[in-house]
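According to TrEMBL, the feature domain 'Thymidylate kinase-like' maps to 5-191. Feature annotation from TrEMBL assigns ATP binding site to G7, I8, D9, G10, S11, G12, K13, S14.
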Amino acid sequence: MFISLEGIDGSGKSTQARLLAERLRDRGHEVVLTREPGGSDGAEAIRRLLVEGDPDRWSAETEILLFNAARRDHLERTIRPALERGAWVVTDRFADSTRVYQGATRGELRGLVDRLHELVIGREPDRTIVIDMDPAAALKRGLARGSGEDRFEEFGLGFQEKLRAGFLALARDFPERVRVVDGMADAEIVAARVAEAL
Ligand SMILES: Nc1ncnc2c1ncn2[C@@H]1O[C@H](COP(=O)(O)OP(=O)(O)O)[C@@H](O)[C@H]1O
Ligand SMILES: Cc1cn([C@H]2C[C@H](O)[C@@H](COP(=O)(O)OP(=O)(O)O)O2)c(=O)[nH]c1=O
């Protein structure tokens, strides 16, 4: 079973991915807990190209290519082998993040995002949980964490609002696969909501 967690920065995805992996391990499953951009050696190297250095180094189109290159490597080297041996895969972000960050916020690029996904990825997670959060609260969590790595977090609240709307729209676009969970509660309560939704 292949599960992705999605949502805006600071919504609690990595916390929930970890709690879900623990819950599944307690039930005796082998779980591979992974993340994007990254999740394999090659994809982690591409991640560094994306999150370090001059933010204007890449055009929007090149950035989409890099996210897909990283995802292809992640899929080939980490996700597929795990699924083939019967493990569960829990990933902190997958293709929906590209749809929302690169596609939904720049509408004219959605065609490129979708065509490239079809061409080089060609599959979706079995289930996707969107952790929904008020962007102001999520931003506060991110600031509290003091993460300096992500240039992506430098965009303001207006951008985060667009992202939130983009993630909520996924549940309409993929009603069979995507469930939205309210992330505004203690982590353990949100974890129970995630398990319930799954
Ligand atoms: N339910 C929660 N309530 C309060 N703080 C949380 C909750 N979930 C996560 N956090 C904290 O908020 C910050 C961002 O959480 P994280 O799981 O890293 O989010 P993301 O992976 O979506 O960026 C971290 O400091 C984390 O400890
Ligand atoms: C996977 C992916 C991530 N991103 C962005 C979202 C994040 O701002 C940034 C780094 O992701 P991530 O490490 O998940 O950041 P956070 O834990 O703060 O949510 O990369 C994209 O723009 N497109 C993508 O396809």
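Any Cβ shown, glycine's included, is placed from N, Cα and C.
TrEMBL: automatically predicted annotations, no manual curation.
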Entry from the binding-site residues list S11, S14 having the most other CB atoms no farther than 10 A:
S11
Return the members of G7, I8, D9, S11 (the binding-site residues) with CB less than 6 angstroms from at least one atom of ligand 2, or none.
D9
Which residues, sitting 6 or more apart from K13 (ATP binding site) on the same chain, put a CB under 8 Å from its CB?
L5, E6, G7, D92, R93, I131
Shell of the ATP site beyond G7, I8, D9, G10, S11, G12, K13, S14, same chain only (C-beta within 8 angstroms of their C-beta centre):
I131, M133, A138, R141, G183
Around the Cβ of I8 (ATP binding site), how many other Cβ atoms lie within 10 Å? Please give the count over every shown protein chain.
28
Check the binding-site residues G7, G10, G12 for other C-beta atoms within 10 angstroms of each C-beta and report the one with the most.
G7
Suppose we draw a 10 Å sphere around the Cβ of D9 (ATP binding site). How many other Cβ atoms does it contain, all chains included?
20
I'm checking region-level scores; what's the whole-number mean pLDDT for the domain 'Thymidylate kinase-like' (5-191)?
92
